[in-house]
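Novice: As listed in TrEMBL for this protein:
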TRANSMEM  107-128  transmembrane segment
TRANSMEM  140-162  transmembrane segment
TRANSMEM  182-203  transmembrane segment
TRANSMEM  210-229  transmembrane segment
TRANSMEM  333-353  transmembrane segment
TRANSMEM  359-379  transmembrane segment
TRANSMEM  391-417  transmembrane segment
DOMAIN    445-560  domain 'STAS'
Amino acid sequence: MTKAKTRNSFSIQMPGLRKLLSYQSEWLRGDVLAGLTVAAYLIPQCMAYGELAGVQPVAGLWAILPPMIIYAIFGSSPQLSIGPESSTAVMTAVAIAPLAAARTDAYISLAALLAVIMGLVCIGGYFAKLGFLANLLSKPVLIGYMAGIALIMIGGQIGKIAKIDIEADMFFGQISEFVSKLSFAHTPTLILGIAVLVFLFTLQHHFPTAPIPLIAVLLSTAAVALFNFDERGVAVVGEIPAGFPSLAIPQVSVQDLTSLVAAAVGISVVGYSDNVLTARAFANRHSYKIDANQELLALGLANFGNGLMQGFPVSSSGSRAVIGDSLGSKSQLYSLVAMVAVILVLLFFRPVLALFPKAALGAIVIYAATKLIEVSEFIRLYRFRPSEFAIAIITTIAVLATDILVGVGIAVSLSVIELLYRVARPHDAVLGTVPDLPGLHDINDWEGATTIPGLLMYRYDAPLCFANAENFKQRSLLSIEAEIIPVEWLVLNMEANVEIDITAIDILSELRDELAAKNITFAMARVKQDLYLDLERAGFLKDLTAEHIYPTLHTAIAAFEQRKI
């Protein structure tokens, strides 16, 4: 293999490592500040997700370590934060609970096995090149999805800033329950939570480059220590267990293995959708590109490694990524800084983070979530095309009313339906000449444009397929009927018809036969080679003489003008 090929393979398989090897010194401040702040946030968060997944809280911290270093090497997004997050944690608990009901000692092994299977599913998707499926996630879907995720984040945290127990799982239920229980809010907790929110919004607005979330973490922790807020009922993170996991292959039965495969596939779909949607949102915001297929590999390896280290399924965390981005993270070094900080905390600083108030944590998440709701983009979509605005709104509502996977599925389905509608009703044009303007142009675009008497040159601006074949035929016949001078030749300008299926070929045959019955010559121009071969394989060309297929429109015009000479 040549050096060029080696470098190319290296960059495709390990884009994160490539970026780290070309690290720029001006990124360091933002990455370090982002990493430290994310570490302060993710430690209590991931402990909570560990408990949510049904394992020991410390397992949530263990589940940070392998994914962060693996994604830093194989991931294509410099902003993404891989690790425990709410949706995969909940799905893990749902999948494992029935299997572990009578043997709680097997819970950790089952969770680890689920992560390993999820890793293998994603790695298999990478080799099958299924990352292209992410192309179905359009800009309106991205905008609506991120807004939905942001509102879910807010709904999940509002109870913390008031010390109100919220039992509802869905956003609308959480908001309704919060309002109904607001009179039972714990006053000191509510004051602290609101104070942190005001602090974040006010100072971040005036000092956008300052590490305000990190300062909020330190000040709120200091306040708890100095004024004994924890003794006044303000909830704090509490004791953080010490220790690290060891490398181990999950010990489970074949029955457990087969039982978890379906769940692993479902979690893979949710995890990958969340991963690639979040990555693409940040890529759009910062004008770079991600590799959707590479994200499958990175997510797969992260989960496979996590399972071997007694972890559980993980994906990307939008809130952590937003916090890192707000502090200027430029590469996955910020994740490595966060990972090192977690290790140091587990070794030396557990008592400090034990005083971190949960109300401040909730306030930081709410603040970060508001950055994901791009109101200006919703307005832009509405002004551009109401149908795309509707897709964004429906995506947001679907994510809130169902769950992430169903919401994304609904949004993608709407995008596909809209795409099919556009393909089924594309723009078309009758071409003619324009005074003092070279070439042939759409006669509806230019005042004074005229067609060549007896010759109709027609262009249908879409690939021909089952969805638009009948529409193509009807509109081309209507164009003929609209001509004042009887049409002798119909020349189809095929430059936009780069693909065709058998349904459309049969419609072309019907059109040709109908024209022949009216003594109108059927001809084609600008037929691309692939299209020509498709027509030939379908037997369409055997009834169309070669002289009626022209390389250019002007050669077709010349042939028409020479027809009686």
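These residue numbers are counts, starting from 1, taken along the chain as shown.
Glycine residues also receive a Cβ, built from the backbone N, Cα and C atoms like all the rest.
Just so you know, TrEMBL annotations never went through curation; they're auto-generated.
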Novice: Looking only at the domain 'STAS' (445-560), what are its DSSP counts of helix, strand and coil residues?
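Specialist: Counts, helix then strand then coil: 53 helix, 21 strand, 42 coil.
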Novice: To the transmembrane segment (140-162), which of 182-203, 210-229, 333-353, 359-379 is linked by the most Cβ pairs under 8 Å?
Specialist: 359-379
Novice: I need to check the long-range neighbours of the transmembrane segment (359-379): which residues 6 or more away from its ends have a CB within less than 8 Å of a CB in the stretch?
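Specialist: That would be 41, 44-45, 143, 146-147, 149-151, 153-154, 156-163, 189-190, 192-194, 196-197, 200-201, 204, 213, 216-217, 220-221, 234-235, 237, 281, 318-319, 322-323, 325-326, 389, 392-393.
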Novice: Would you mind listing the long-range same-chain contacts of the transmembrane segment (391-417), meaning Cβ under 8 Å and 6+ residues beyond its ends?
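Specialist: Residues 87, 136-138, 140-141, 143-145, 147-149, 151-152, 170-172, 266, 269-270, 273-274, 277, 377-378, 381 contact the transmembrane segment (391-417) from elsewhere in the chain.
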Novice: May I ask for the residues of the chain that lie six or more residues beyond the transmembrane segment (333-353) and have a Cβ under 8 Å from a Cβ within it?
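Specialist: Beyond its ends, the transmembrane segment (333-353) has Cβ neighbours at 20, 23, 27-28, 30-32, 34-36, 38-40, 42-44, 61, 64-65, 68-69, 71-72, 81-82, 221, 237, 239-244, 324.
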